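Student: To start, I am sharing the structure in question, which I have written as structure tokens.
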Amino acid sequence: DGCGHTVLGPESGTLASINYPQTSPNSTVCEWEIRVKPGQRVQLKFGDFDIDDSDSCHSSYLRVHNGIGPTRTEIGKYCGFGFQMDGLITSKSNEVTVQFMSGTHTSGRGFLAAYSTTDKSDLITCLDNASHFSEPEFNKYCPAGCVIPFADVSGTIPHGYRDSSSLCMAGVHAGVVSNTLGGQINVVISKGIPYYEGSLANNVTSKVGPLSTSLFTFKTSGCYGTLGMESGVIPDSQITASSVLEWSDQTGQVNVWKPENARLKRVGPPWAAFISDDHQWLQIDLNKEKRITGIITTGSTLAEYYYYVSAYRILYSDDAQKWTVYREPGMDKDKIFQGNTELYQEVRNNFIPPVIARFFRINPLKWHQKIAMKVELLGCQFSIGRVPKITTPPPPPQNKNDKKNDDLSDDFIHSVKTSLQTDKTTFTPEIKNTTVTPSVTKDVALAAVLVPVLVMVFTTLILILVCAWHWRNRKKKSEGTYDLPYWDRAGWWKGMKQFLPTKSAEHEETPVRYSSSEISHLRPREVPTVLQTESAEYAQPLVGGIVGTLHQRSTFKPEEGKEASYADLDPYNSPIQEVYHAYAEPLPITGPEYATPIIMDMSSHPSTPLGVPSISTFKAAGNQAPPLVGTHNKLLSRTDSTSSAQALYDTPKGQLGPGAADELVYQVPQSTAHSAGSKDE
């Protein structure tokens with residue numbers, strides 16, 4: 001009467017004292033006899049050990065023996081509070097006896113232990129969780145029987161499980177190991193998430209969990225995709241049932257809950273059987289053999305119809321004629337799967353090992369009010385050749401021995417199909433009169449890889465083009481609509497001036513000066529030539545008939561063709577062809593802000609009294625006359641035919657008046673080069 005949680009599998013198992021992890025009762029005893037395959041040995045590992053040792057292991061203890069029965073020999077006797085058992089206890093044969101004795105005590109949880117064959121060197125117990133291991137990825141072996149009520153699991157696949165969850169119990173919930181058989185798990189540790197969902201799967205209820213620093217997931221074969229019920233890949237014609245519920249509501253409308261309604265997450269009513277008994281079934285034809293790894297079920301999902309199936313069996317077939325009930329390996333009873341506990345929740349059950357079949361049938365055994373459900377199958381393509389079928393000539397009349405042989409053949413085929421692994425190559429055994437029918441299936445792995453890669457490539461190209469277009473627009477906006485390109489700005493011209501002919505300091509700083517005597521000896525056509533000096537960077541243009549002044553370092557492009565200006569003093573006698581620059585040149589830094597005053601003799605004008613000069617004055621910067629700028633500036637002169645040969649000219653400030661000297665120095669006004677002629681000539 002001292003035996004607690006116990007699962008004894010063919011290769012591994014779990015055992016615990018009564019009431020664990022609570023205090024075990026007084027005066028109880030339990031004895032476990034463990035057997036594995038001949039030729040193998042047993043190893044025992046304790047997950048927790050807390051037995052009263054007040055009387056030095058006299059009345060309360062745990063004893064381990066080699067062998068079973070009277071011939072067994074003792075390996076060790078153990079007791080103590082919080083006793084740490086380092087390492088494993090290993091037997092000398094394939095049989096072990098574990099004896100627990102509980103005397104009079106006031107405290108002590110008892111013990112929990114796991115066992116396996118010695119070839120499972122990485123054995124852990126059902127109490128180990130991810131925080132017990134520091135590696136980011138590791139492999140461990142979980143024993144059978146780790147679905148225990150005193151261990152917690154938070155999370156689900158594929159999001160992951162909280163690090164405080166039992167590794168082996170989470171492995172059962174995820175469907176990577178069987179609670180009946182145990183198995184190997186491949187664990188990957190990663191960063192935790194704020195919230196862990198809860199769900200029911202494989203008889204394990206996962207609870208909702210809060211934030212944790214880390215979580216763990218399992219590496220699997222990846223054969224857990226949906227097989228087409230929800231998506232509609234499986235057509236309605238391939239979903240059948242034993243009966244269909246048909247009824248009329250209060251309005252007289254006929255409602256038919258057909259088999260094709262049994263698609264998971266499909267809005268509307270489910271499939272429901274007309275008669276609720278254990279002979280009803282829902283059948284799915286997958287069109288060819290598939291590797292089926294699990295099933296998800298829900299109830300009616302209609303609040304006004306509280307129907308669901310709480311337990312069912314699974315049958316499968318290759319021809320829809322002969323059916324096989326699913327059983328776990330080594331078990332002689334049909335596997336009963338836990339179904340739903342209410343009409344909305346999705347409940348998952350996994351098949352370990354997977355089912356290889358074309359036809360799949362669900363047989364409800366327990367239900368609430370009526371048989372109603374929605375279903376989705378999990379699995380993948382089955383790409384290995386079918387198991388060979390044995391064909392024999394027409395047999396003679398059967399006897400009992402023949403019947404036994406037929407049963408043996410069926411058992412052999414069933415055993416092979418339920419244990420077949422897709423990651424190993426299966427060779428066809430050499431059996432006489434054997435016909436091998438290969439199963440040709442499409443390999444979708446290549447398409448599953450290429451499609452995401454192509455999508456990523458095209459997406460990347462589109463993003464690059466969009467970014468380049470956006471960058472180009474931003475660059476144009478930054479230059480401005482009326483801004484000059486960088487090669488047209490004054491800074492570039494300054495850098496290029498060093499490659500052009502330079503002007504002398506005399507021409508840059510000193511105005512061009514001519515005497516009246518020099519001018520009188522020149523012929524009219526020679527005057528413009530003599531007056532032409534070395535070209536400045538830019539000439540100052542005339543705009544709208546007024547002597548205008550561009551700002552320093554400005555650029556001015558004259559209009560095409562020849563135009564008259566104030567610089568052409570004699571429009572009736574101008575034999576010299578004007579020379580224009582392609583572009584106007586900017587004024588130097590020291591240039592004047594306003595044009596130089598021009599004083600002209602207008603005494604001969606009819607509207608002006610004789611002897612009274614008409615004076616036109618332009619404002620100059622300061623009291624100093626500006627220096628000469630421009631290569632094509634010419635002497636401006638007018639000769640009055642009614643007066644003396646002396647002409648009035650603009651006299652530079654600081655010099656004598658017009659009649660003070662024989663040779664006068666004149667300020668040449670800023671204007672475009674034109675010829676200066678005399679009317680007398």
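The first residue you see is number 1, and the count goes up from there.
Every residue, even glycine, has its Cβ placed from backbone N, Cα and C.
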Student: Just choose from C3, C57 the cysteine that TrEMBL connects to C30 via a disulfide.
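Tutor: When TrEMBL is consulted, C30 turns out to be bridged to C3.
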Student: For the feature region 'Disordered' as recorded in TrEMBL, pick the matching range from 423-446, 471-494, 591-614, 639-662.
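Tutor: My reading of TrEMBL: the region 'Disordered' range is 639-662.
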Student: Which of these disulfide-bonded residues has the least crowded Cβ, counting other Cβ atoms within 10 Å: C3, C30?
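Tutor: Relative to the other disulfide-bonded residues in C3, C30, C3 has the fewest Cβ atoms within 10 Å.
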Student: Could you give me three numbers for the domain 'LCCL' (120-216), the DSSP helix, strand and coil residue counts?
Tutor: 11 helix, 38 strand, 48 coil
Student: What are the DSSP helix/strand/coil residue counts across the domain 'CUB' (3-118)?
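Tutor: Counting residues by DSSP class gives 0 helix, 61 strand, 55 coil.
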